[in-house]
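**Student:** I have a structure I would like to understand better, so I am pasting it below and will then ask my questions one at a time.
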């Protein structure tokens, strides 16, 4: 089937390279042209060129030139999470959506390892959806027979990275070379695989959020990195191929929306009815660390799940302490002498050289500022048998690296060990590994991962980002079977088909999968409606019914968690949705004070800027305090429109949680709907003192129906703008 490029939002990126001139003076640029002025040889608004500055200036003078920006680098930013998200075959969104059957998720990443059992098409009925226009063109080592009813498409994009480094040996293949792409693909849509674990931890049945959805794989990252032109090409191709959801777990440089391929291509995808999900990035915990605050993409933060990987430490007096470990073997540590010595507790290499052999040594990483990784390295060169590590580093609980037998315990638990060791003439202990604990203990979940990037988004502050939080800490999913997943000691590398990885890269495909379920259940819903349903039903509370917290124990704000933790079952029937058309997004772009060419780079010339508006019909609110406004009392009015997607007539009343030092009024306070799909409008007016002593203040607008079935919640943030920190 020939694809009509004249009607596509964004098209396949064409890369060509000029051959004259000195290569040392040449750079690769992404060029944007007005379509009517494009030469017949080109079918895209976008192409990349390796050229000199002189040649670039000549191109700028040509008819139809819009903009040119240098190509830039990009980097990639389970057995439990479906249960943690309450996904069940008995009721809710899984059976209602047919587990995502008929929906195509396009994954832009490092490729896929097609032989992994998660990508089997067992149980998937019928051929690829009729809307599918893609191909299985996996290249070297990826025969077309490796595609099936699960992996319906595979392509690779490497022209940009080859141009950036002509000496690099980049292969022509869609096969995963990193494990990252396989991990995110199986998290979003992996099939059911029984008996999976990480060397005995997290044992259970692996399955993606939408296990019957189809996968289209676009490899645009190579060795864990890539360039923007290849990402743009991959997104354009996914749009042309007919995917429903695009999942992008990678980060780019901090650049303007009109320079960002992620921004430009995702706008075109939204124009074609495709929802784009992106990871927030792993640069937290500071605020303003989200680089890609793209208003027309769902930006996803990472949280913990209710699973604890444990080593049970049993002291010689019978007392048992639950510690943390992912040591990947059943080491025999039984009734081993314990050494608690203040002069050795730093566990440096020199101190461990003095420690008695075949003992369990107590290490305290806060002594001498010794970090966990350094201690692990020193232990691997020592003659002690195991270690009890007292540590408060929350980052330890994000990674699977534990190359030496031992457990991590808290300072309070460490005091119990010290009391026992000092009181006993011959203290001993035993450690049992490969323990997996589920539930509210020892820590409430979800908690916001400390490395998850926080808002406001640096590329645009006027829309609250991130949008949602999803599981992203130690997620078990498919991996590259020939890469190191764990290590014992200094030189024993271990491989596995399923690995535990952490980051917003892991959170993003959870939202992609949830969006696929909603798309299958509500095929007529727009991307904005799907996003709204996910956001307004998200839960701001953890599994102890308390506000979601940071991993350090402080309460997390919407700048970290957005609307809250995703709840797919509630999103299936949200009651009300905030919908938005492509023209609404165009109006937003037109309000951003860009030049004409900068605006056209995103929206192109086919749309009108006659009604610019920054007040997008979005399911969250943010009011900024700019430097010039400090000391004044400000009033900001938002206007919103909600559509009734419940079952028939309904009446909703509003409750407002006003931010600190802020008044907030909603009018009207009651919305009455006479039928399904009827829309009503309301306004939110907030009045606040423009001071930055409290830089970020949060609240919420909550609409509840008279039956108590629906609770439609939107966060409010009053935030200091970036110009206060320049």
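Placed from the backbone N, Cα and C atoms, the Cβ positions cover glycine too.
Take a look at what TrEMBL says about it:
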type	residues	note
ACT_SITE	109	active site, charge relay system
ACT_SITE	180	active site, charge relay system
ACT_SITE	505	active site, charge relay system
DOMAIN	100-544	domain 'Peptidase S8/S53'
DOMAIN	615-718	domain 'Subtilisin-like protease fibronectin type-III'
REGION	542-562	region 'Disordered'
SIGNAL	1-24	signal peptide
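Have a look at these and tell me how they're positioned relative to everything else.
**Tutor:** Take the CB of residue 109 (active site, charge relay system) and look out to 10 A: across all protein chains shown you find 28 other CB atoms.
Confidence in the domain 'Subtilisin-like protease fibronectin type-III' (615-718), given as mean pLDDT, stands at 95.
Shown for the region 'Disordered' (542-562): DSSP residue counts in helix, strand and coil, namely 4 helix, 4 strand, 13 coil.
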**Student:** Let me spell it out: for each of the active-site residues (180, 505), count the other Cβ atoms within 10 Å of that residue's Cβ, using every protein chain shown. Which one has the most?
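**Tutor:** By the 10 Å Cβ neighbour count, 505 comes out on top.
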**Student:** Where DSSP helix means H, G or I and strand means E or B, what are the helix, strand and coil counts for the domain 'Subtilisin-like protease fibronectin type-III' (615-718)?
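**Tutor:** For the domain 'Subtilisin-like protease fibronectin type-III' (615-718), the helix, strand and coil counts are 3 helix, 64 strand, 37 coil.
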